[in-house]
């Protein structure tokens, strides 16, 4: 059969059922699905042979070689009168040869002189090769007798449809190393191999037709042990066998390409050789090249890579990865050359839900890095800012030049203390001005810087004073004041003692390693006890010189001006004795923004304290994420200043935006550099803010996060950056309950604009204006959109009102209050209303439509029952008091005499 055949056609041809054919194919190791499936030609041929139908294709042979091969051998073999199945078996490949995809010029006769002929085929092979001179002796016919006529047919081992020669039988394979790779589909296996002829029926192997031993020595790669191995070579280009006659047919020998004596299947260059399997690759197992060291190393590293959350990730081997605070998974993946999606999936499997571009907290980055054996270092903002400046060849915090370039500068003194202890009054007395009257509520809500010339030992010496707020909401301002100062004056009221903000100011000063001079104020008031103040401050390591310590105490009265000169003298003595107050004025200026605000006419205005160098008009400056050029400088008296030396506070005009309070100020060469530094700081600030404000949601608390929560959105506007910052921190510090959240969606310096109103309208927010008012048509727009704008001038009023608003947003909590009890004395039945209970009120009040529960033998029978109707003397009443009888109906009918009805109500409880 030249092509594919279906199973049911083969069954019809062989005269058996399709099930028998399928069973036989299964025994032979062929997987065939159904009777309508097709099988290849070699499989069909083996199937016919197994059913005894292998002689059907024999009449197709019409050449002389087949007839000559059909002749029995002369000396040995089957009897003359016996049927000759074996010669037909030899002639069968001749019929199949033209069907193979080889050139038709290849004759069928060379099938006989195969390099390893079976014993039954050797006489026929010798006769077929007779016309050519053969120096090698012919094989001995008697050594290998053919199969007996009655012997069972042995199906061929190979099933290669492209082979040009098919032996009738194969001897036992020679011992050789097994070939790599799995056996071919049509090859012999222990499960489908037919029984071999007995060893006694086979003589010793005759010599090869080519004569001497095959070059190369060892077993032929295409030998009998290879399934499907015949005379066919492995690849194209095979030549004539070594021992083949000169004029013999080409391709007489088999072997690999390039091997001496290797013959091709067809003997023609460029022709495809025989395949090892029925439908397999040419030549059997594929040729495998050796892997490079790089490929092996990559494969090994991939196998050794850690698996985090079911995802295979790179192995860090303890490598240190530096990430900025608020970095995203994309930034982390870029550092370790990984796929961001893999990091997202790994975190998700670990219970953390983030996106690739979302800012991630420090703990999450360190956790993920530890799983991959990376050491993640989250760079602090200070280190990151230093690295940013180093990238522009800039430094901050160091004086340029040597010791000879340093000049003495005035001391910077910060006045600190509890609220209403007299700090601003003291500064007013020193400056001979009145600053306190300008503050709302009599408390300082801004930070101010002034320079005052003080006469000391006949010499006028300047001192820079920084006034910080004492209210508890201005912790950050006090911290900034302590960092920018040289000496701290701690003001303590003699009649009030040490207060919480006093302790906080001490901690700020000690943390900044700043010497403290204590000013005991209000000694002129009744009840003043300076000795008590000295005793209290010893608990905080502030021991007076009178007690053997090194802290200077001065008793003053800011209102009366008592001992002010002694206080200034103590400040100067401390500065001269304990501090090295020198700076280089001949360098580009560096300083700190003490305060900043937005002025309607002048734009962003920053109060800057110069720490080193000289700031001049026209310099390119950058402070935090704000940059610009100095257009104007004004001192504390409102006069223009052309240059500011170290320790000089000035107001700088020329920023493009309002800098943050406490930002470092730096002079650069070009506006371009200032803009680049500001842009990078702004991006870093946004990432850090996003990482801080993002609430981590894990898979465990996902259900709780999805529950409905109340949220109060706020927009903060103030007159300066420090006040807005303090107000935001104070509001975010209000702790009410998890059910209510406070969110500041926008903040800024300046008046309330229409943009703020539109944002508040879109997000249902409340606008808080601190010392500012609405601009232009913002008020009309707010009234039209229904936006609530609250104005405050004292910070604690804003905090109290926002806290009250948050409490009002809490879900109400109800508590149960018992109203009274009634005992059922009689039962009445009505077809309209059901059971009617005749009751006696034993305590309290029974009220109509009140909640009730039914008790029977002090056991609750029914809960959440409602008193649907209530009557007294045939009149409908609202309530019945203690000692009276009544009739009532419940929404529960299973009542009995002796039951007790307990009425109660739920009252809303105030949340605190």
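Glycine too: its Cβ is placed from the backbone N, Cα and C atoms.
Taken from Swiss-Prot, the feature GTP binding site applies to 417-424, 467-471, 521-524, supported by sequence analysis. Annotation source Swiss-Prot lists compositional bias 'Low complexity' at 56-74, 121-131. Look at Swiss-Prot and you will find 100-120, 132-152, 173-183, 192-218 tagged as compositional bias 'Pro residues'. Swiss-Prot lists 219-283 with the feature compositional bias 'Gly residues'. Here Swiss-Prot flags 287-296 as compositional bias 'Basic residues'. The domain 'tr-type G' annotation in Swiss-Prot covers 408-579. Swiss-Prot lists 26-297 with the feature region 'Disordered'. For 417-424, the entry in Swiss-Prot reads region 'G1'. Positions annotated as region 'G2' by Swiss-Prot, on the basis of similarity to another entry: 442-446. The feature region 'G3' is assigned by Swiss-Prot to 467-470, with similarity to another entry given as support. The feature region 'G4' is assigned by Swiss-Prot to 521-524.
On the structure: features taken from Swiss-Prot.
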| residue | record | Cβ neighbours (10 Å) |
| --- | --- | --- |
| 417 | GTP binding site | 28 |
| 420 | GTP binding site | 18 |
| 423 | GTP binding site | 28 |
| 523 | GTP binding site | 19 |
Per DSSP (three-state), residue 417 (GTP binding site) is strand
Which residues of the chain, 6 or more past the ends of the region 'G4' (521-524), have a CB below 8 A from one of its CBs?
421-422, 425-426, 491-496, 530, 555-560, 562
The DSSP breakdown of the region 'G4' (521-524) into helix, strand and coil residues is 0 helix, 1 strand, 3 coil
In the predicted model, what is the mean pLDDT computed over the region 'G1' (417-424)?
79
